[in-house]
Structure formats: structure tokens, C-alpha cells
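Student: Here's a structure for you.
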Amino acid sequence: MNILFSKRLGILTIGSLLVLAGCQTSGSSAGESNQTTSSSAVEEDSSKTQEQTSDSHTHEHSHDHSHAHDEETEKIYEGYFKNSQVKDRLLSDWEGDWQSVYPYLQDGTLDEVFSYKSEHEGGKTAEEYKEYYKKGYQTDVDRIVIQKDTVTFFKNGKEYSGKYTYDGYEILTYDAGNRGVRYIFKLAKKAEGLPQYIQFSDHSIYPTKASHYHLYWGDDREALLDEVKNWPTYYPSKMDGHDIAHEMMAH
């Protein structure tokens, strides 16, 4: 990058070289990602400052990186990824207070979601979508609280708590050709009312805080992996039904 300090040719000072090096370092840091993104330097008018040049360079890198990252995230969400991209996760990724969406299906709050899907995705009527999701969301566990390694199930007015330890993940291939990852946790000590295994699926494949998730639970680890018709779904308890509906339509 050539910098014109005046109309007459001059000799770059050591200080100018240091400023230049700082500008280049700033740009490369902002553009760091799995996919290398390049951007060209923009010629500046002599009245503009070095700082403005650096900011422009950084913004361009950040924009390109964000766009590439969003595309990759969307592909992963849809179930298209490489095995090498899958990483282990901690239970803390699902930490929080969660509510089942099943009651919102029952009271009609999610009807707008099914109408939206019918109109934009096709294949089923709104009523057919509702019936499909009714089977998927159905559960008697209306709330789940996860704190550190402890999971508490709220079922029929009663609470059941136990500690769970990480038991690896399984990559599943669905009939449609896309894939998903189940993150599995095992009950550390047998306790009344608690499943031996819980399996999370949230469309992510590496450490990240979940915004919602599908949960499978039972005492047979392998049998749970075959369950693809019933997937109780949980969103943060602080969200109301309409917020959840709009979040669903955004995906």
C-alpha cells in the first residue's frame, strides 16, 4: 500500500512504517475465519487520516467474514456439514430455564406458524403441519431447568432433579439426506423419575449457547437414536408464545 503524504516525493520515516504495520495487523485480525477472505486496499485522498483507512479496511473484512459465517451457519442448521466440523459440547450450552412449546400448539398460539409454513414451504396444509408438529412437540414435561451439571424436569406438578455427565455425540443421517447431531448425557446416579439418558438436538454442531432445542430422553441410549417422530421442543421460559412463534417463522 502506497501512502502519499505530500505532492512531492519524500522518504518514509520509521514512524510511518510502524503506522502502516499497525493498519495491516488490524485488518488481518478482523478478517480471521475458517474461510480466508481478502479485500483490496482503498486509495484515500491525502486529506483523510491513517485511522480512517484502517477502519474502512477492517469494516470490509468484518462484513465479508460475517456473510461467509452466516452462510455456513445456515447450511449447518439445515443439516449439511462435514464430520470434522462436529465438536464436543458441555451441558452449559443448554443451561437455563426452559419451557415446552406444546401448550402453545394446543391453545392455537402457533397456528400462524403452520399457516406460514403452508404458504411459504408448501407440501402440506396448515392443518397437516399442525398435526405433524403435534406429534413432534407432545410431552408431559412442561419445564426444564439446567444449572451446571444438574437437570430438573417439571412433570405433572412435580420436580425431578439429577446430575448428568457427558456421554459423547452421535451423527444421524435422515431420510431426506440431511444430518443431525445428538449430544448425549448420562445420569450420574440413578434417581426416581429421571431418565438414564438425555439427548440434545439444536441444529448446532460445536460449542455455542442454544436458543432452543429438541430433547429426547429414556433409559435405552440406542433406541433413543431411532426416535425421529417425537421431539419435545423447548424455548427460554422468559419468552411468550407470540415471541416463540415469530422466532420459528424466522427459521
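Cβ atoms are placed via backbone N, Cα and C, with glycine included.
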Student: Looking at Zn(2+) 2 binding as recorded in Swiss-Prot, which candidate out of His212, His214 goes with Glu247, His251?
Tutor: His212
Student: Between C-alpha atoms, which of these binding-site residues comes nearest to Glu247 (Zn(2+) 2 binding site): His203, His212, His214?
Tutor: His212
Student: In the same chain, outside His203, His212, His214, whose C-beta lies within 8 angstroms of the Cβ mean position for the Zn(2+) 1 site?
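Tutor: These residues sit around the Zn(2+) 1 site: Ser201, Asp202, Ala210, Ser211, Tyr213, Thr233.
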Student: What does DSSP say about Glu247 (Zn(2+) 2 binding site): helix, strand or coil?
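Tutor: Looking at the DSSP assignment, Glu247 (Zn(2+) 2 binding site) belongs to a helix.
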Student: Of these binding-site residues, His203, His212, His214, His251, which scores lowest on Cβ atoms within 10 Å?
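Tutor: If we count Cβ atoms within 10 Å for the binding-site residues His203, His212, His214, His251, the smallest count is at His251.
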Student: Give me the count of other Cβ atoms within 10 A of the Cβ belonging to Glu247 (Zn(2+) 2 binding site).
Tutor: 15
